[in-house]
Amino acid sequence: MNEEQKSLLLESSSRFLLSQGVKVSYGTAGFREDASILSSTVYRVGILAALRSLKTQSVIGVMITASHNKFSDNGVKIADPNGGMLSQHWEPFADKLANAPSPQQLLQLINEFVEKERIPFDGVRPAEILLGRDTRPSGEALLEAARQGVTSIVGAVASDMGILTTPQLHWMVRARNKGIKASEQDYFEQLTSSFRCLMDLIPTERKVFDGVNDKLVVDGANGVGGAKLRILHNLLNVLDMEVRNSSEDEGVLNDGVGADYVQKEKVAPRGFGSKDAGTRCASLDGDADRLVYFSVPPESNAQIDLVDGDKILSLFAVFIREQLSLLNEKEDIKNCGKARLGIVQTAYANGASTNYLKNLDLEVNLTPTGVKYLHEKAAEFDIGIYFEANGHGTILFSESFIEWLEVRSNMLSSGSKGSEAEKAALRLLAVSKLINQAVGDALSGVLLVEVILKHMGWSIHRWNELYIDLPSRQLKVKVADRTSVVTANAETVVVSPPGLQEAINAETAKYNQGRCFVRPSGTEDVVRVYAEASTQEAADTLANGVAKLVDQFLG
Ligand code: 16G
Ligand code: MG
């Protein structure tokens, strides 16, 4: 770094001093705190993004959002060149940068890192960053802090992409780096055209819907996803869809609404009730990277029927598998019909879903919690489907498989009459365009679920009956130091403190179909307990028993 660069960093960082006593942590997917203390963090993430852009010679994204957290919080997520989460290799630097106590120490840290990583400061390709934010009022000032961080690197350019969902920004970063059109309009265009393509490919005999189950009502968490979904709905003009709880409506972001609330509490969000009994409903989280479905039972006060990420995954798996077997029927393309399909879940996946998928002869892999782990694993397959039970997930297609599908589908569009195999190739290609390849995206998820249900001729109830969830319970335990819990084997086993896993095993063995694990949260100062058993009462008692053990070992 030359002197001009050093003095620019010193000068701008003196405007974003770290508040006394504040310690922030990168966590699972970026920094998240009360918005009032975040400006120095976001400014520094701006610097980090610019350095990452120089290092990778690619466009990087910075998204200001705190997802499903309360209204007064905010946060920042970083999108890497492929649209995925920031490389884990850079996370420790992110932590150090965010907590550097003074401008001098910040400069020293950057200087050392730049040398260690050999980040080119030759000005050949200046850093380029796309900035986005959700609808939180604190977002505007924080976006400005990010912009100032970016522009404290000489020559770096920050483009404000406006109010977006998190997956839209990730999509744009990926598209920009692939050299394809990357505006919000292009995003909508790609989603609508691939959705229409899938609708047109629904077998004629299945095109008769019963009308009763056709309507979809979506809870937008009072956030950005609701507003964007309304735009998509208007553009499509074919879905019977109502969006409630959008940022344009009254109501507080994530307050008694949204996918996180619906999935964890198993209750209907605000604005939904017995009037919606039997209707197919869906819920997005605050930044629209999670999606769950549900239906409201006729009796008021009853729990909803939750159709969570595991069931969305199962629906996608059934559909993809059907298309692959259609491809397989044709002798000359057998090899590609045998494309490697992989499923990726976490330990939170309901045991009944994992059994169901294994019974379909699918390869099921477990990874630790957090999109970066699931995504990485799913990318190993020709088609990798990953989902967390909380509704975050997507379907990844390998470049080589997409190329192969393109060859098949070109043959079809150039006039040959479509065989079942060729239609299956076209469907898979359309899915690869509809479903976000960068990160889980509730908007593209809704469209894919809707068209698959129509393709199958299934109601939400038929879909929900693919398997019956085992009763489960999640609890959180406040402990002095959550980092003293260390896990292995995709968080299914505690290795430290010693003796805790043996105690959990002994407790779990008392229950029919019992399964239980504990892990430190990556986003909150707690240890989480998950328990599953053959009855709700048993799952509750098991979870409570293990929570007590955690307390004893760590309290
Ligand atoms: C973050 C993760 C999500 C994970 C959750 C777990 C991303 C984009 N988001 O929200 O995937 O399920 O953390 O939270 O990776 P926890 O560690 O507090 O249980
Ligand atoms: Mg989210």
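From the backbone N, Cα and C atoms, a Cβ is placed for every residue, glycine too.
Copied over from TrEMBL:
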type: DOMAIN; residues: 56-89; note: domain 'Alpha-D-phosphohexomutase alpha/beta/alpha'
type: ACT_SITE; residues: Ser67; note: active site, phosphoserine intermediate
type: BINDING; residues: Ser67, Asp285, Asp287, Asp289; note: Mg(2+) binding site
type: DOMAIN; residues: 127-177; note: domain 'Alpha-D-phosphohexomutase alpha/beta/alpha'
type: DOMAIN; residues: 182-292; note: domain 'Phosphoacetylglucosamine mutase AMG1'
type: DOMAIN; residues: 308-458; note: domain 'Phosphoacetylglucosamine mutase AMG1'
type: BINDING; residues: Glu388, Ala389, Asn390, Arg519, Pro520, Ser521, Gly522, Thr523, Arg528; note: substrate binding site
type: DOMAIN; residues: 476-548; note: domain 'Alpha-D-phosphohexomutase C-terminal'
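Where TrEMBL records a feature, it is marked here on the structure.
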residue : record                                  : CB count, 10 Å
Ser67   : active site, phosphoserine intermediate : 28
Asp285  : Mg(2+) binding site                     : 32
Asp287  : Mg(2+) binding site                     : 34
Asp289  : Mg(2+) binding site                     : 32
Glu388  : substrate binding site                  : 25
Asn390  : substrate binding site                  : 22
Pro520  : substrate binding site                  : 20
Gly522  : substrate binding site                  : 15
Arg528  : substrate binding site                  : 22
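Proximity to ligand 2 at the level of Cβ atoms, with a cut-off under 6 angstroms, picks out Ser67 from the recorded positions Ser67, Glu388, Gly522. Sequence-distant contacts of the domain 'Alpha-D-phosphohexomutase alpha/beta/alpha' (56-89) (same chain, at least 6 residues past either end, Cβ-Cβ under 8 Å): 29-36, 38, 41-42, 45-46, 48-50, 120, 125, 127-134, 136, 138-139, 142-143, 146, 150, 164, 166, 169-177, 221, 252-255, 258-261, 285-287, 289-290, 371-372, 375, 437-439. Checking the binding-site residues Asp285, Asp287, Glu388, Pro520 against ligand 1, the ones whose Cβ sits under 6 Å from it are Glu388. Among the stretches 127-177, 182-292, 476-548, the one making the largest number of Cβ pairs under 8 Å with the domain 'Phosphoacetylglucosamine mutase AMG1' (308-458) is 182-292. Rounded to a whole number, the distance between the Cα atoms of Asp287 (Mg(2+) binding site) and Asn390 (substrate binding site) is 14 Å. Listed in sequence order, the binding-site residues from Asp289, Glu388, Pro520, Gly522, Arg528 having a Cα within 10 Å of the Cα of Ser67 (active site, phosphoserine intermediate) are Asp289. In sequence order, Thr65, His68, Asp134, Thr165, Thr166, Gly223, Gly225, Ala259, Leu284, Gly286, Ala288, Arg290, His392, Ala442 are the same-chain residues whose CB sits within 8 A of the CB centroid of Ser67, Asp285, Asp287, Asp289, the residues recorded for Mg(2+) being left out.
Comparing Asp285 (Mg(2+) binding site) with Arg528 (substrate binding site), their Cα atoms are 20 Å apart once rounded.
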